[in-house]
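Chemist: According to TrEMBL, the protein carries these features:
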- A:65-256: domain 'ABC transmembrane type-1' (DOMAIN)
- A:12-31: transmembrane segment (TRANSMEM)
- A:65-88: transmembrane segment (TRANSMEM)
- A:100-123: transmembrane segment (TRANSMEM)
- A:129-151: transmembrane segment (TRANSMEM)
- A:189-213: transmembrane segment (TRANSMEM)
- A:233-256: transmembrane segment (TRANSMEM)
Amino acid sequence: MESNATTSRLTAIALSFMAVIWVSPFSWLILNAFNPMSTGQLEIPKSIGLDNFALAVSGNAGRQFLNSLLIAAGTATLSVVVGISAAYPLSRLRIPGRNAFLWTLVLLRMLPSAGVLVPLYFAAQRGGLLNQFGVIIALTILNLPFTLLLLKNFFDTVPIELEEAAYVEGATLFQIVTRIVLPMSRAGIAVVWFFSFTGAWNEFLLPLIFSRVQDGFPMSVGLYAAFGQQGAINYGFLTAFSIIYAAPAVGVYFLLRRNMNTGFAGVGVKG
Amino acid sequence: MADVSLRGVRKSYGSLEVVHGVDLDIKSGEFVVFVGPSGCGKSTLLRMIAGLEPISGGEISIEGRVVNDIPSPQRGISMVFQSYALYPHMSVYENMAFGLKLAKTPKAEVDQRVREAARILQIEDYLDRMPKALSGGQRQRVAIGRAIVRNPKVFLFDEPLSNLDASLRAQTRIEIAKLHDTLDATMIYVTHDQVEAMTLADRIVVLNAGRIEQVGSPLELYRNPINTFVAGFIASQRMNFLPVTVEGDRLVLPGGKSVASNHPQRGNARTLGIRPEHLVLATPETAQFSGTLSVIEQFGEYALAYVEMPNGDLMTVKLDGAPDLELHQAIHVGLPRDHIHLFDEAGRALR
């Protein structure tokens, strides 16, 4: 008994130590963000305020937040729309070699984006797309293979008999897709949308190269540029900025979890 | 209500032909059942009538109008699927109203028709539920309700009961029979279950390997099967078949005993068929054949005795009540000559 208690106390101490190591960067982040007179040290703030956050959502930083939102939401929506239009026929038509085709696309996605950066850049330059819209298109193109593969698998789970039933009842192809297939795959579509959203939100390289003016920077690029911008590093601003930058990912996580819990399409049809 | 006619209907997938020229006339208001073993083409035939499969050859007409090139929604049919195919994201009400809404029917009329169908099928209480909150039998009714609201000329059923358990199946069978009586609509029903075929049909179409074997009322098929396939397929217990040789006016059975026959074409008889319910127990002297009891299944109201013949074949004998028989005891069976069916070399019935 005695030795058991000692062991468990030792384990507790070791675990607390681990926990401190894990938690300290986060606590540093939070403590500095809420400290208007932050110095970049890990210390208990003398006063607490939201001044840093106010700074991080106004002016340049605020515009960067909107830019990020625009790029992420635009990419996610465009990926889903184009993905649906391509994945539905791929799911329903017996196209020879369709699986090989899909996996070839995935292989393309496996290439590091730096590897395709140069051709993408020149294509965008020729097309006059060196702006946010260009970033959205480029990211959508890079996203599409996975989007296609995921959406096709979701559509595969919608029983063909449901579509036949709707067809017999007089639904056109468009009505079958919008009223039967899409509502039944909404969990899958949400997953794809959120993944594309976070992917585009986190994207750094493409926006950096494509939008070379300060006004066009999303947060990822803005954060990088903010280092040493006003002569010295403003830790309070940077930490608040980082928290805002990370918030959508956390939000997406909870939204996703709720969506996954509501379950996938195609269940509960058989008797 | 409409009549349906099939003229030389064929279906092939590439070079493989699965339905080989089917001719059939279905009268208005008739309940026709397509029955046959799996892969006989019965579902394919139904799907061609529904417009879900292109027709490779021949003509299908509904109400005198050739529908080969008319898309399904304009054919005036409703279909009930084996898996019910209810839209899982819509309530029962929305499921039933879906087709009407697509057809831009006024709201009041949609409501009235859905409620009327729900009343007929006694599903009024579930109208707000989602399909996943319903039992199999209730889902089945919703699927039928969805077919009724569109007021079709022809109802098509694709094995609608095969996902239900045995007691529910019997119950739903009766409901479908009642429904046919109430609606007085043309119904085409596909099943592999000969009990459903016997009990529901005005006429049964027996299909085998993409061809019609025989068409007739249930009792016609029971009494006068046209060949050994139909004889073996129709009725709950399979017909017994015995090889026979003909000696004058007598048919000699395996084991040496014989039965008299005055059939004009008895000379061509190669196989004798007799249904289990027509066989009777006899004494060794009067029996046409004897064997040992290999298995007995007691159902209470009747029993099925499986008699092993000396040559190893099993014969089924249906006995009334609960006969007191011991396993492996000798059984002597008599063949009443009125109930004998004779078949020629090719398995065709001698008429």
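Cβ from N, Cα, C; glycine included.
Help me picture where these features are in the structure shown.
Modeler: Sequence-distant contacts of the transmembrane segment (A:65-88), counting only residues of its own chain at least 6 positions beyond either end whose CB sits under 8 Å from a CB of the stretch, comprise 57, 132-133, 135-137, 139-140, 143-144, 147-148, 150-152, 154-155, 177, 181-182, 189, 192-194, 196-201, 203, 207, 211, 216-220, 244-245, 248.
Sequence-distant neighbours of the transmembrane segment (A:100-123) (same chain, 6+ residues past either end, Cβ-Cβ under 8 Å): 90, 129, 138, 142-146, 148-149, 152, 205-206, 209-210.
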Chemist: Is it true that the transmembrane segment (A:129-151) and the transmembrane segment (A:189-213) have 3 or more Cβ pairs under 8 Å, skipping pairs fewer than 6 apart in sequence?
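Modeler: Per Cβ check, the transmembrane segment (A:129-151) touches the transmembrane segment (A:189-213).
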Chemist: Which sequence positions outside the transmembrane segment (A:12-31), separated from its termini by at least 6 residues, show Cβ-Cβ distances below 8 Å to it?
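Modeler: That would be 38, 42-45, 239, 242-243.
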